[in-house]
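Colleague: First the structure, then my questions, so here it is.
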Amino acid sequence: MRRNLFHCSNSQQGATDKVTLLFGITIFFKFLLFDFIWSIPTTFASFSTIEFYATKIIATLVLLVPYKFFRLWKTEIVIMLLLDILLIVNLMYFRTYYTAIPLNSYGLSGNLADFTGSVYDSFRWYDIFFPLSTIASIPLYWHYKRNTAGRTSYKYYGGALGIGILLFTITTLAKGGFKEAYNTVRQKAYLCASTTSMYTVFGSLCYDLINQKQEATPQIQQEIKEWLSQKPGHHPLAGRIGIRNNCIVILAESLESWVLEREVERQEITPYLNKLLQDSTTLYAPHVLTQVKGGRSIDAQLLLCAGMLPINSGTYSSQYPDHTYGTLQKAMHQQKNSRNYLLTIDKVSTWNQGVIAYSFGTDTIIAYHDFELTEAFGTHKRTGDGSFLAQCSQKIEKGEIWKKGENVYMQLVTYSGHAPFKLPKELKEIHFSPAIPQKMNDYMTTARYTDKAIGKFVEYLKTLPQYDETLIVITGDHEGLATYREELCNAPGGKGIVSDKTFTPFIIVNSPVGMRYDKVMGQIDMYPTLLNLLQLDDYYWSGLGQSILDPCKKGFAISPQMEVVGEEPTPAEAEFAKKAYDISDQMIHFDYLCSKAKIGGTSK
């Protein structure tokens, strides 16, 4: 009797099912481990949702296809290793940006070469459990693989997959579909960071893909118009103020406010900036809430220069580099005939800043290859802030930039404040005892270095004949401590020193209005404030924020996690301010300002 090649004994089927079960449990474990680590700094609320388990069942069973259907165990191992890499890099990204890696950012992986130190600093020892679980499954496979030839039943596999899909479909449709359900989670204060945990990394990528294909509707257009019509109007300052025809912006990497006006172990951390704060012509706001998202530094430029909030997913500079933006650069050129410069030691490809700078109205970019490599700093031995700003002074002195008779907008982006804040010994000017946590020690030491670099640069600017008509803006692009903040705030050496809030400083030197603004403001409020001080109030775009010089402004801001920080607003005010994130996202996505820029005129 001929042997049935498709028949297998009960022992053979059991062995086959054990291997399938082994791989399935291993993959499911990876998802749970990822979600557990993800939820530690956020919330475990997603663990109580049906979608949390349904999406993991579906993803696990789909990833099991190579072995379940084709017995390709080596392929299955490779898939698990690729999954390990995907989950680990998303956790590393999350530790800095509080979000999963956006779909379009996978094409920007070359940026990591410039931030290797920050990348390493985002890795945690327990991340190794992902590849270890894959490696552990190999000897177990060999243990169970005996008598695995032949056919196996797909009944349980199909049943489990069907249940997962059914649960996900019912719960998602009940909430208006996947996109609406995903958006609902993002708008909840306690769940906004849990979308990736609830829907998996693959769900986040699907959302990004769907969002890219979204088309404008009359309803969305009307929603934008209504929000803008209800926004407090922008008005010129009452009375006459001094004229400022030049604007110098120093965007200091990861500079936080708590290091200013502070002594630790009898050592002043920022003596140069502290001295500037004492000047009667300085405007200082210490409580500027960080509002950047995944684009970090490039998001800060959007907030400061264009008065818009970051998009909900991805980076505007890579997704919408050719869209229309109303900016300080364009306003300066239009009303003061300025030449606009961007000076950075980064490559122009980083965050696609070369393209977006020109979209912002920049005329001249001086970048990486235009600076000498001195005071080597960081993993890739990049030019340190001291050398960078000294070379900027030299370029001005030689007439390479800010030529005689020019009005300028000049933006200088520093680099040394990047994590992990490891300053070379020869550049250190302050030292702390072992009682100070090492990460805090490193951060303060680097802040002192940057403080001196900025101070020397400002001292040089004060010697120029055009100084009297020059506004100098110094601000941090975003917070710097990320997930270390809670640890440092609770440590004996950091308690009462390190701020538990993500505040950056907003310093305006030689301001026509000198003052100290101690209320909370958002990064979004810097743009309209600068319009006031530079007397650019007739420019068509006044931003989504509100000038801190407006006496009607309330002292609060909304974080990207939808947290209200500062003075307590009414529920309606809080809801209106939160909606600004979606309004900004839609305006950028649909190039809303394109037609407005052509018309020009006075903005709302």
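From the backbone N, Cα and C atoms, a Cβ is placed for every residue, glycine too.
Note: TrEMBL annotation is automatic and uncurated.
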Colleague: Besides ASP477, HIS478, which of GLU223, GLU226, GLU253, GLU256 does TrEMBL list for that Mn(2+) site?
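Modeller: Among GLU223, GLU226, GLU253, GLU256, only GLU253 appears alongside ASP477, HIS478 as Mn(2+)-binding in TrEMBL.
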Colleague: Look at every Cβ pair spanning the transmembrane segment (125-144) and the transmembrane segment (156-178), keep those 6 or more apart in sequence, and say whether at least 3 of them are under 8 Å.
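Modeller: No, these stretches are not in contact.
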Colleague: Can you tell me how far the Cα of HIS478 (Mn(2+) binding site) sits from the Cα of HIS418 (substrate binding site), in Å?
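Modeller: Here the two Cα atoms are 11 Å apart.
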Colleague: Who are the chain neighbours of the transmembrane segment (156-178) in space, where the CB to CB distance is under 8 Å and they lie at least 6 residues beyond its ends?
Modeller: 17, 20, 49-51, 53-55, 57-58, 61, 64, 68, 184, 206-207, 210
Colleague: Long-range same-chain neighbours of GLU253 (Mn(2+) binding site), Cβ under 8 Å, sequence gap at least 6?
Modeller: SER297, VAL413, THR414, TYR415, SER416, GLY417, HIS418, THR450, GLY476, ASP477, GLY480
Colleague: Restricting to the same chain and to residues at least six past its boundaries, which positions have a Cβ under 8 Å from a Cβ of the transmembrane segment (77-98)?
Modeller: 23, 26-27, 30-31, 34, 37-38, 63, 66, 118-119, 122-124, 127, 130-131, 133-134, 137-138, 193, 196, 201, 293-294, 296, 419, 482-483, 560-561
Colleague: Calculate the per-residue pLDDT averaged over the domain 'Sulfatase N-terminal' (246-535) and state the result as an integer.
Modeller: 95
Colleague: Given a Cβ distance threshold of under 8 angstroms, which distant residues of the chain, six or more beyond its ends, lie next to the transmembrane segment (21-40)?
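Modeller: 46-47, 52, 56-57, 59-61, 63-64, 67, 76, 80, 83-84, 87, 90-91, 94, 124, 126-127, 129-130, 133-134, 136-137, 140-141, 144, 194, 196-197, 200-201.
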Colleague: State the three-class DSSP label for SER297 (active site), counting H, G and I as helix, E and B as strand, and everything else as coil.
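Modeller: It is helical.
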